[in-house]
């Protein structure tokens, strides 16, 4: 399990392995509802570094707004896999690696071909970072694809991703075991190098000790020579002192001695210079011969002493070599026993490791078989559920189609009845209009007849007057009659307009009442009930998916906990082995120190 970054909050909801530029990473996805952020954290296995790429909920949803398969929010694993495939590294202004999201999926290395390749997700034709709107037909098509989404495909992708994750973890464990083996070999090589350095230091110490012994011997020889020279100097000084004392004694003896001395001086003066030189040369030769004899005697004494010391040193060196050879043999025996024990332990450990690997392979095979059987059982169950759902859906569709046909038939019957009633009403209205028109015409005719009769009675009262007056009267009475007719016509037209307006208002009122009654007869809106039923069905589907996801997450957490327990046990064994190895090395150093202490008296005796 990857280490959580310090600046990342939320819970772990997804995890997947990825190889970027030849380096292996574990990419973990954390969901933080408090800040509405989804963080992708890449954990590098080589140097224990973590890189984070955060996305808000809106940014994360905007990446899939044009993808028909990933538009559904319930397909979280597919969305996370799509983003992880496109993660890459770039350098910022300071030259450091920063995690980013690329346009295309990053290429994987060739040695990962044994992993299960999942089906690539369909990428949208429009870039993810381009905003905009889509038309109604495309939106309806996408919603239809979401409604007809295949759950079996999601289940197969989930099973494949789980198998790939297991194989990636197995390969990661194999690489970790290889690194541990390399580390153990490096420790063994370091131990061998340390043994070689210790042997070299021991050889250097021996050489320094030999040089010190040679220097000490030369210093002792030099001191003895200086002592001999001091003895000779002291003897010479003693002779000179004795000669001076003798001369002083001779002076103290009196004149006789002075006469002898004068006589001797005269004799000496009488001698020739050649005799004096010959005597001096002979005395010098005698002194030289005595000195050479003394030197030869001293040299012979030194040579004898040196031979005695060399013999003693040779014997001591032989004893030291024998002692060192015995110690070396004992050390070789101890080292051979230790390495034999280590080899046996290593063979036992390797045998145990092989047995563990064999059991792990058997366990992994059993787990894969169990997972395959579980997947097949779930597939059968899901197929049965889907088949049952399809049968129910087909029965529901047939029932709804039958209800719709009956409803349409009722509507047609009602429509035909309403049309017949409308035709009957129109016919009645037409007859009523005709009756009204006939009555109006009769009333107008009666009115005109009464007007005509009034005018005729008015003309009869003026019959007795003259023809001129009669013509004027007739002309005068003719003009008021035209004006009255015009006023009657205008009043009649205004009354007709009022009647037509009242009829129109009455007709609109009847139409509104008819619409209200039709709506009451039609009942509730069937589309609203269907939408509510679809909403309930989707809520139940989401609850079932969440339940399956929670069960899978629980199994993964249990598996990770078991792996963590195994890793902790391995770490404890490694720590115990390191502690025991340190104790063993300390014991070996203590043995070497004790051997050195045993050699101490021999060195003191030799010194």
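Note: Cβ is positioned from N, Cα and C throughout, glycine not excepted.
Ranges compared are 250-274, 275-299, 300-324, and TrEMBL records region 'Disordered' for 250-274.
With helix defined as DSSP H, G or I and strand as E or B, the compositional bias 'Basic and acidic residues' (424-451) counts 28 helix, 0 strand, 0 coil. Residues 440, 444, 447, 451 of the same chain lie 6 or more positions beyond the ends of the compositional bias 'Basic and acidic residues' (486-516) yet place their CB under 8 Å from a CB of it.
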